[in-house]
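Only one structure is covered here, and it is reproduced in the block below.
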Amino acid sequence: MHRRFLQQKRLQSSSTKNLIPIRTSLKGAGLLQQPVLNKGSAFSREEREIFQVDGHIPYDVHSLEKQMVRAYAQFKRQPSNILKHAFLASLRDQNQILFYALVSSRLKEMLPVLYTPTVGEAVSQYSDLFRRPIGCFLSLPTAHTMREQLQSHANAAFRYKYPPGMKNSDTERPFDIVVVTDSEGILGIGDQGVGGISISTSKAALYVAGAGVDPNRILSVVLDVGTDNHTLFANPLYMGYKHVRTRGVAYDHFVHQFMMNIKELFPGALVHFEDFGLNNAARLLETYKPVLPCFNDDIEGTGAVALAATMSAIGVTKSKLCDQRIVVYGAGTAGMGIANQIRDAMIEVDGLTLEEANSRFWCIDRDGLLLKSNPRLQGSQHDYARDDEEVRDWTREIQEQPNLRILDVVKAVKPTMLVGCSTNARSFNEDVIRTMAEHVERPIIFPMSNPTSLVEVDPADANEWTDGRALIATGSPFPPAKNPITGKDYFIAEANNALIYPGLGLGTIASRSSKMSKGMILAGVKALASASPALEDPDAPLLPDLAGVRKVSLQIAAAVVRQAMEEGVANINLKKDDDAIIEHIKFGMWDPVYRPLELEPEDLTSD
Ligand SMILES: NC(=O)c1ccc[n+]([C@@H]2O[C@H](COP(=O)([O-])OP(=O)(O)OC[C@H]3O[C@@H](n4cnc5c(N)ncnc54)[C@H](O)[C@@H]3O)[C@@H](O)[C@H]2O)c1
Ligand SMILES: O=C(O)C[C@H](O)C(=O)O
Ligand SMILES: [Mn+2]
């Protein structure tokens, strides 16, 4: 049995996998309405006859390529990015293959529409633009039937049925990945109530387009516990639970009920937490890490991509991680995630002690520089809070500031690296950047806040104020900046977690791991850093282009699988050999191609 499976696996591991027929009993209008199976004008003559599609569609048969030409022209005709986003959502709802084929073929152009920054608008205008629901809406008042609601999604998810003898992707659990948000901290735009579903569906789309995860094996969820957003309350069209945001015991109970249902109904599935609020994100991750495979994209994904960009930058500056003096501006979910990830790497790579590594960071939040005397410190902030004594050594001019702001800290610390996760637009002003650049040859500057309007500094400005010396990475996509000295374009690395989470997720599910460990994340970071264009050319971007994420994801996933096997958390029977690992991952990847359709045998006999 096992040998036969391996033989089939070998047979199917090339592109022939895409030619395995799918069995269905759907016909006619029913078939056209199933986005997973619908081919629209691409149903072949034979399929049209067998599946009674004739009459439901114009006569001519079109290839997927021709359909993409038409869909792209329609996309281009949409007058704004938000309408382009809505167009793509409709396409996804009609024909899943065409949607992913189009998006994958033009990732560079489509990503900013499908994802950041446009997804921010899609979330905030969700109730106004609503057409058809995609995803799973778990609302607090209907918590008593949560299990049935999740089960109903599992039942409704399309499952491929391959002919006997072929591997069936319908394995023991209905979903491999569950992307969930409670919408309290969407990007930098805060509480967005039920509209947060669009961040979940958008992150899910990137697992597919960016890493080849099967779209039918991802569940996108919003936990609707109410909202404190007054604009949403004032909107008569608002579609969520109109109630102040539930907090405390009732909130924790609801989240716990959700997590326990996932564990029981979808055993081993990876839970991807997205855009939870500051008071919950780290706490929930810590609570559930030991319970089931889970991952917080804003903490771990952002930390991971920032660490990869940092490794790449220190390759250019020819320095070590432990040589960096790092100012983190905005000590929240993402800021602390980044500090923790870089700090842990200083320990692992450079052999620093925890204390030594912590001492390389100066973190600033609303109250200014985090000091040990501050009674409002929370979570990881305690690790990085500076001794009040230290500040007493700073110049009188700095000490006399009411609370230490970014410019004061930059003057005193002379950082090599400045990271922004504050949502405070344009806070890295000319003074801050010029002061930093006075003391360091190649200032490393990562304004990470999203969407575009919230960026701490426009990379074009940072580039100009540093005479083109800055090594820059941003959270949202930006056009290249001109080097004021050489006149050459400097391409800005997009340090968005989307460059790494799809690969981390793919590696975790491909290894069927019982968790996503720190070691697995670090392995993924190293794989991403080793794909940096700046390794070859110091004037090239610090990270590979997000448009090439699918290729990078495979390398990241392979590193993750290898590490999972080494740590003994993987649940697969595979040789620890790079080719075997890559082959195994590729085998499980989903491609947007039309597979031949075959009628269920019972339908054949009953006809
Ligand atoms: N590039 C990426 O991949 C990526 C990933 C995650 C988050 N982000 C971005 O980072 C930003 C923060 O996200 P988060 O999830 O950490 O939010 P968060 O609310 O958890 O943290 C924001 C922190 O900034 C602080 N802050 C706000 N205004 C400030 C000010 N004026 N001065 C100093 N500190 C201030 C807040 O007190 C809070 O601690 C968002 O814009 C988000 O889009 C980017
Ligand atoms: O969603 C993004 O673009 C990245 C990140 O998860 C964020 O919250 O900003
Ligand atoms: Mn996020």
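Placement of Cβ uses the backbone N, Cα and C atoms for every residue, glycine included.
Note: TrEMBL annotation is automatic and uncurated.
So that you can see what the record holds, here are the features copied from TrEMBL:
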- 92-289: domain 'Malic enzyme N-terminal' (DOMAIN)
- TYR115: active site, proton donor (ACT_SITE)
- LYS203: active site, proton acceptor (ACT_SITE)
- GLU274, ASP275, ASP298: divalent metal cation binding site (BINDING)
- 299-565: domain 'Malic enzyme NAD-binding' (DOMAIN)
- ASN450, ASN496: (S)-malate binding site (BINDING)
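All features noted in TrEMBL, drawn onto the structure.
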| residue | record | contacts (Cβ under 8 Å, 6+ apart) |
| --- | --- | --- |
| TYR115 | active site, proton donor | SER202, ALA205, LEU206, ALA498 |
| LYS203 | active site, proton acceptor | VAL179, SER220, HIS272, GLU274, ASP297, ALA498, TYR501 |
| ASP275 | divalent metal cation binding site | THR181, ASP182, SER183, GLU184, GLY185, ILE186, LEU187, GLY196, ILE199, ASP298 |
| ASN450 | (S)-malate binding site | THR116, PRO117, GLY120, LEU187, GLY188, GLY475, SER476, ASN496 |
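For the binding-site residues GLU274, ASP298, the largest tally of other C-beta atoms within 10 A is found at GLU274. Around the Cβ of ASN496 ((S)-malate binding site), a 10 Å sphere holds 25 further Cβ atoms from the protein chains shown. Checking the recorded positions TYR115, LYS203, GLU274, ASP275 for a CB within less than 6 Å of any atom of ligand 1 leaves no residue at all.
Ligand 3 lies within reach of ASP298 from the recorded positions TYR115, LYS203, ASP298, ASN450, ASN496, judged by a C-beta closer than 6 angstroms to any of its atoms. In this structure, ASP298, ASN450, ASN496 are the recorded positions from LYS203, ASP298, ASN450, ASN496 whose C-beta falls under 6 Å of some atom of ligand 2. Taken together, the residues in the domain 'Malic enzyme NAD-binding' (299-565) have a mean pLDDT of 96 on the 0 to 100 scale.
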